[in-house]
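Heads up: the structure comes next, in structure tokens.
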Amino acid sequence: MSNHNLIFKHFVSTKKLNSGMVMKLIHRAIEFKKMDRSLLPQYPGHFVSNVFLENSTRTHLSFEMAEKKLGMPVLSFDAKSSSVSKGETLLDTLITLEALGVDTVVVRTCEENYYEELITSPHLTLSIINGGDGAAQHPTQSMLDLMSMYECFHRFIGLKVAIVGDLIHSRVAHSNAEILARLGAKLYFSGPREWYEEDFDRYGEYLPIDELMSQVDVLMLLRVQLERHDQVDSFDAETYHRLYGLNIERADRLQEHAIIMHPAPVNRGVEIADELVMSPHSIIAEQMKNGVFMRMSILEAVMNGK
Ligand code: CP
């Protein structure tokens, strides 16, 4: 199986993917995961730059690793020392990178849907991969999450997935709910009611966390994103953990085959107990590993569009 016939000009939202595209990306990522390093295809003529205007460890570095494994030259970009700090717009930054010879940019910013004006701009021809836009979409995280679930269950139809926590502020929740529902998964949501929004009703059902433990195949926990909250003072980590977090007692009620996922970074002792982060049910480290291979798969499909 190869994704050589998958062609993307841009990769900005899960809403633009159909199930055939999803499966091709997953199979190609699994192929990359098994491939000897010496056999990896090399694309030395494809220049990439990672423009992260919001902090990141996993997405930024796994893209850089993916780019380097595929032999793509990476033009380093540091937001703090760049002219963004002098007020240069994202459009002007990308026009500059394109003028220098960059073919594809990976962009992360807090501005939701930033890519709409860029992909329609008559001044840009480079490809844009969305590395996360505010609370809206994190399509490459969704794809690595789908790959990780597929490796465990080999299906999405009827898979019972609970997404738990800071739903309203989570781009991971928004993009995963959208694509998982279209792939036929049965979705549940949980966490503080005030962090739930009606929009999620389109995809699944809200239930208290204690009703979910014994029935789900996938328990996907979300980071509490205090940086996106208006009222940080009222948050108490201990109370959150007791009411909504995954503790030992709740984890003991998971089915034998159930998996624990988290996009990370993890707030240990808040959404998940410290000792459960690397427990046998947890595939959190595998998600990070799969991020490199899925991003290779996506980069290759974008490179095919050139
Ligand atoms: N999961 C994720 O997007 O992590 P980073 O913010 O570290 O990239």
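Using the three backbone atoms N, Cα and C, a Cβ is placed for every residue, glycine included.
The model shown is predicted, which means the values in this text are computed figures rather than measured ones.
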Write down the one residue from Arg28, Arg108, Arg228 that TrEMBL lists together with Arg58, Thr59, His138, Gln141, Ala264, Pro265 as binding carbamoyl phosphate. Arg108
Tell me which binding-site residues (Arg58, Thr59, Lys86, Arg171, Ala264) have a Cβ under 6 A from ligand 1; sequence order is fine. Arg58, Thr59, Ala264
Integer Cα-Cα distance in angstrom, Ala264 (carbamoyl phosphate binding site) to Arg171 (L-aspartate binding site): 13
Write down the Cα-Cα distance for Thr59 (carbamoyl phosphate binding site) and Lys86 (L-aspartate binding site), rounded and given in Å. 25
Residues flanking the carbamoyl phosphate site, with Cβ no more than 8 Å from the Cβ centroid of Arg58, Thr59, Arg108, His138, Gln141, Ala264, Pro265 and excluding those residues themselves: Ser56, Thr57, Gly131, Gly132, Val172, Pro263, Gly291
